[in-house]
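Below you'll find the structure, written out as structure tokens, and then a few comments.
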Amino acid sequence: MDTSSVGGLELTDQTPVLLGSTAMATSLTNVGNSFSGPANPLVSRSNKFQNSSVEDDDDVVFIEPVQPPPPSVPVVADQRTITFTSSKNEELQGNDSKITPSSKELASQKGSVSETIVIDDEEDMETNQGQEKNSSNFIERRPPETKNRTNDVDFSTSSFSRSKVNAGMGNSGITTEPDSEIQIANVTTLETGVSSVNDGQLENTDGRDMNLMITHVTSLQNTNLGDVSNGLQSSNFGVNIQTYTPSLTSQTKTGVGPFNPGRMNVAGDVFQNGESATHHNPDSWISQSASFPRNQKQPGVDSLSPVASLPKQIFQPSAQQQPTKPVKVTCANCKKPLQKGQTAYQRKGSAHLFCSTTCLSSFSHKPAPKKLCVMCKKDITTMKGTIVAQVDSSESFQEFCSTSCLSLYEDKQNPTKGALNKSRCTICGKLTEIRHEVSFKNMTHKLCSDHCFNRYRMANGLIMNCCEQCGEYLPSKGAGNNVLVIDGQQKRFCCQSCVSEYKQVGSHPSFLKEVRDHMQDSFLMQPEKYGKLTTCTGCRTQCRFFDMTQCIGPNGYMEPYCSTACMNSHKTKYAKSQSLGIICHFCKRNSLPQYQTTMPDGKLYNFCNSSCVAKFQALSMQSSPNGQFVAPSDIQLKCNYCKNSFCSKPEILEWENKVHQFCSKTCSDDYKKLHCIVTYCEYCQEEKTLHETVNFSGVKRPFCSEGCKLLYKQDFARRLGLRCVTCNYCSQLCKKGATKELDGVVRDFCSEDCCKKFQDWYYKAARCDCCKSQGTLKERVQWRGEMKHFCDQHCLLRFYCQQNEPNMTTQKGPENLHYDQGCQTSRTKMTGSAPPPSPTPNKEMKNKAVLCKPLTMTKATYCKPHMQTKSCQTDDTWKTEYVPVPIPVPVYIPVPMHMYSQNIPVPTTVPVPVPVPVFLPAPLDSSEKIPAAIEELKSKVSSDALDTELLTMTDMMSEDEGKTETTNINSVIIETDIIGSDLLKNSDPETQSSMPDVPYEPDLDIEIDFPRAAEELDMENEFLLPPVFGEEYEEQPRPRSKKKGAKRKAVSGYQSHDDSSDNSECSFPFKYTYGVNAWKHWVKTRQLDEDLLVLDELKSSKSVKLKEDLLSHTTAELNYGLAHFVNEIRRPNGENYAPDSIYYLCLGIQEYLCGSNRKDNIFIDPGYQTFEQELNKILRSWQPSILPDGSIFSRVEEDYLWRIKQLGSHSPVALLNTLFYFNTKYFGLKTVEQHLRLSFGTVFRHWKKNPLTMENKACLRYQVSSLCGTDNEDKITTGKRKHEDDEPVFEQIENTANPSRCPVKMFECYLSKSPQNLNQRMDVFYLQPECSSSTDSPVWYTSTSLDRNTLENMLVRVLLVKDIYDKDNYELDEDTD
């Protein structure tokens, strides 16, 4: 039922309603007792309305016919608006029963007309929640003849909490719960005895919290009981909401101030923003334009009504035009309407009516709470498929009925940039960008411009931190340094020019002109006359204001004086009285004390205001150890925000290499908001206001709140595990670095340095960082990343003063024993039982004109002699001349004794190249050909660096007396290497080769035998691939050789002895014959092609002649040949080989060399560096292809690398490649940045149990830290992954089937060959191999990490292996194990 309905009774499910069988009326009998309150005189008469109680739990109510009242009955009875209140701890007394009116009441009420009654259940109340619930004033409309007899009581909705309004103010009602709170707004009755209650008995309930409010409780009479003389009229029970439209005439009559938007005037009372409170504090408003975002509501202000706009007149219909609603009495359980004369059942203490006992027993008194959609407010309690989402970066989750509501809510929370801050101005009503938000009286007013802001301020009579001349807003009280005291009032200005203009114009601000039209009848501020007379501060003489001399007074404000002499005399008098005055013990201002506090030591402290008392108490509790009192110090620090002086431990803010100090945490927070000190929070990764900066393992981490700091600490501690400790010296959370036991207590430290410093402090050997004295250091603070210790708070404050203004007396160190004794004496005096009063400090002298402090210095300190070197002789300066004298060596040169004035010869060595003959041993059969070969080599001049290096090696010939076959020097220019005869033995194909030679097959092509049955990589499936490299490389153009001759017949393929043992899992059987045959094909093509094109970096005037037999070449020759081979090799049809095919051919060449007992490794040895560089350039251009089944196509497989010993633990480089391959395959590290993030501290061994076989297996775990940040590259998607605390965990499980290829065994071998001090480091994983290490060496690696270029070359080759792209590879291996 709407609250504006007249003549009706509104009852909810919590309203006790007893309908008697003979009278259908609501009893007001003993209202006070029914809610466990005191008996009200209005209703507690002797037994006039008292009824007998029935002890039955369930009551039976009979419903009788009801007739509507006649609409034309006049009103004669007196009416009053009465308020009933009840306490919070009310309990229900008595039982509900059927109501039987007394005989006296029946006689007096005979013939009265019954009223229409509507009884709504709780569902009706919930359906009306969308209607307007907030009304500020309830004024009952009455006939003119009863106007003077009506008492108006205002009920403000501001006293209700938001939750309670939503819960209970949809339809007002009465509750019978024991802990409920009731407010009866209007109780209207036709009984004559009720109207005679005095007004003094009414209680005002404004400002009290309550759950429910009853707008009307009406006593209705029955038609059978007699007629009431004056009857009933609907207007007597109506509630009319009146609004006031301000006009010029109304303001003139009531004496209201100037134009005031948002005010309402009713019956002469001034209402501001919907409330009737007056302006107690002139600074009670807050401007949010500087500290709060414009589109965000100020925290802590929770008003029930929206932003007030200019009032508009609302048409109020008359009482006779308001319709009434029909009768609707339904069962609370089955919702069936109750017929006339039907028996109704009611439970004791409940307001619900039921049609039967079945409904009465099955009805639940407290229904389950309903869930509403956040956006559309739809009931979603029983709805399926609701959406729960976390929106607007909040910690709570919201529930929506559909995705459309979610989208609308997100759009509402995140509006577009253009309409981000557009709202309607309170003054002008324009929908535009808001510049100011003023919170006043629990109402937030939005103002679009400074013009509207000044109009609002002047209209409401608010005092603010604005310039008195131009009206410019000052962010804080300390921002306006230009202050004038005129007639005892302080006036602030933004600059000195405004001060001058204010003096000239005569104290009339210029911005008042904007609101002059609205200030016609205002008495708040009248313009003053030009040249106003002002009283001199010294002699109290009246002088013109602009002739006065201004000077800063002892309180820090500008004071006017008539002359300079008067100013000096007043200062002299004030200086004498100041020493005898009372000074505030906190801010040190000389003012009249408002508060006095007796401290535990018996001293009486004076304070100027309550703010100083609160700050002094808070800071004393923080700085006092174990609750002991600490006497205030004479040293004063200045807060960087409020500019007040204080003598306690300051709050420190380190920002942009500057340290700011504040008197309290509040000033520090306000300073951060005012100066926009924002940073990215280390935990939530959002740009917010800086809360605190904490060190973690020596790294400063900023946080936006205390919650983010605690959550980051938990993640950090969980990541380090048992190694995470808190350093006892620097108090940072870090990994355990040192441990020290002191007096039976084991203490942990981050480093040995902290351990040593803590030990010095513990044994009182450390010195104070201020006075440099040893002893007990009670205070400590972290200053610019270092811990500072001090004797007490006095030294701490002196240290902070030295940072702003250096003090020469504190820089002398511990040698100043007299100063140390003085410090100890002063401390002893302070702790005595009867401390003497401290001497009056010297008066601080300042220059009047420029306000600079005089610098006092000792002259002798800066006078030091200037030392100069001067020769004693008068002759010219002797210059020493050096004459070289060549003397052959070895010759004995006698050196005589000499004096300092004589010249003596000094021997100096000068190296001179001398040719020395060297005899080279050679076999007898080739000694005759050596001179001819040497002459031929000397005649060759090469411009290529590689060829020059190869030609210089021919001067050294190895001896091999057991050789039976002569090497043809003309066919091969280079025969030997530095190693000597060992390589010559390896190059003999007849004596050392264990693999049969491969016959040349010109048409043998690997890409024809193993075609690429795959789709071309396009834009549609490119996103399926992981990132291959950290950067993109352009494919270098390679020359094409000419096609020669017709196709030859295909020869049957030759298979090696290892082909039968190929792994069945490989897609392509590995055959080294493809590589050897490609080499022979390239050598033949190179010899026949006279126009061979080579790369610019490998060009030479005379190239090395190569042979088809690979075993006949030395290391240098193979390096040169393979470098050209990978760039010039072509398929038999003349097309280019794919990069994976070239890598496959090189692997075949390596297997052929290993099978022939050749110990060269073309992929690892330093002698093949040129070939490795050229091969890496080719492999960078490889792009994988996708097969129809979604897998990646590549001709290189993992089994090939194990067969040719590229993977394994037989050498340091091979072990390093194996770890790199396993990390790429199982950890899913596809970029160099991801490999560099690995460290010994993030990879650890772990035991895992198989849930099927219950067998424990060792595994390596790598937990990717969420604190590393997100890379620009794609996220890791491959590998075994587990979710623990939302952090990806990757594992490498032990391979029990083949221990030689087990990743856990390889990692353990790598740890055993690494230095022991690197096992726990967090910044290195891949180590540089030791150059001089052998296979039997205990340590293979150094402590230096591999460079980025080496890791990138390793990654290029690993990414060509097909097995790393198989997602199910590791899971299958795990199951088979």
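Placement of Cβ uses the backbone N, Cα and C atoms for every residue, glycine included.
In Swiss-Prot, the annotation region 'Disordered' applies to 273-305, one of the ranges 273-305, 1263-1295.
Checking Swiss-Prot for zinc finger across the ranges 723-758, 867-902, 1335-1370 points to 723-758. Between the listed ranges 31-67, 327-363, 919-955, 1104-1140, Swiss-Prot ties the annotation zinc finger to 327-363.
Swiss-Prot lists region 'Disordered' at one of the ranges 214-250, 1028-1064, namely 1028-1064. Checked against Swiss-Prot, the range among 3-22, 503-522, 983-1002 recorded as region 'Disordered' is 983-1002. When Cβ atoms from all protein chains are considered, those within 10 Å of Lys788 (SUMO2 cross-link) total 17, not counting its own. The CA atom of Lys764 (SUMO2 cross-link) is located 58 Å away from the CA atom of Lys441 (SUMO2 cross-link).
Per-class residue totals from DSSP over the zinc finger (764-799), listed helix then strand then coil: 7 helix, 12 strand, 17 coil.
Under DSSP, Lys348 (SUMO2 cross-link) is assigned to coil, being neither helix nor strand in the three-state scheme. In the three-state DSSP classification, Lys709 (SUMO2 cross-link) falls within a helix. The Cβ of Lys700 has fewer other Cβ atoms within 10 Å than any other of the recorded sites Lys348, Lys441, Lys649, Lys700, Lys709.
Across the structure, Lys348 (SUMO2 cross-link) and Lys788 (SUMO2 cross-link) are spaced 73 Å apart at their Cα atoms. Looking at Lys700 (SUMO2 cross-link) and Lys709 (SUMO2 cross-link), their Cα atoms lie 12 Å from each other. A distance of 36 Å separates the Cα atom of Lys709 (SUMO2 cross-link) from that of Lys441 (SUMO2 cross-link). A separation of roughly 47 Å, to the nearest angstrom, links the Cα atoms of Lys788 (SUMO2 cross-link) and Lys441 (SUMO2 cross-link). Summarising the environment of Lys764 (SUMO2 cross-link), the number of other Cβ atoms within 10 Å of its Cβ, over all protein chains shown, is 10.
With helix defined as DSSP H, G or I and strand as E or B, the zinc finger (369-409) counts 7 helix, 8 strand, 26 coil.
According to DSSP, Lys700 (SUMO2 cross-link) is assigned to a strand segment. Separation of the C-alpha atoms of Lys649 (SUMO2 cross-link) and Lys441 (SUMO2 cross-link): 36 Å, rounded to the nearest whole number.
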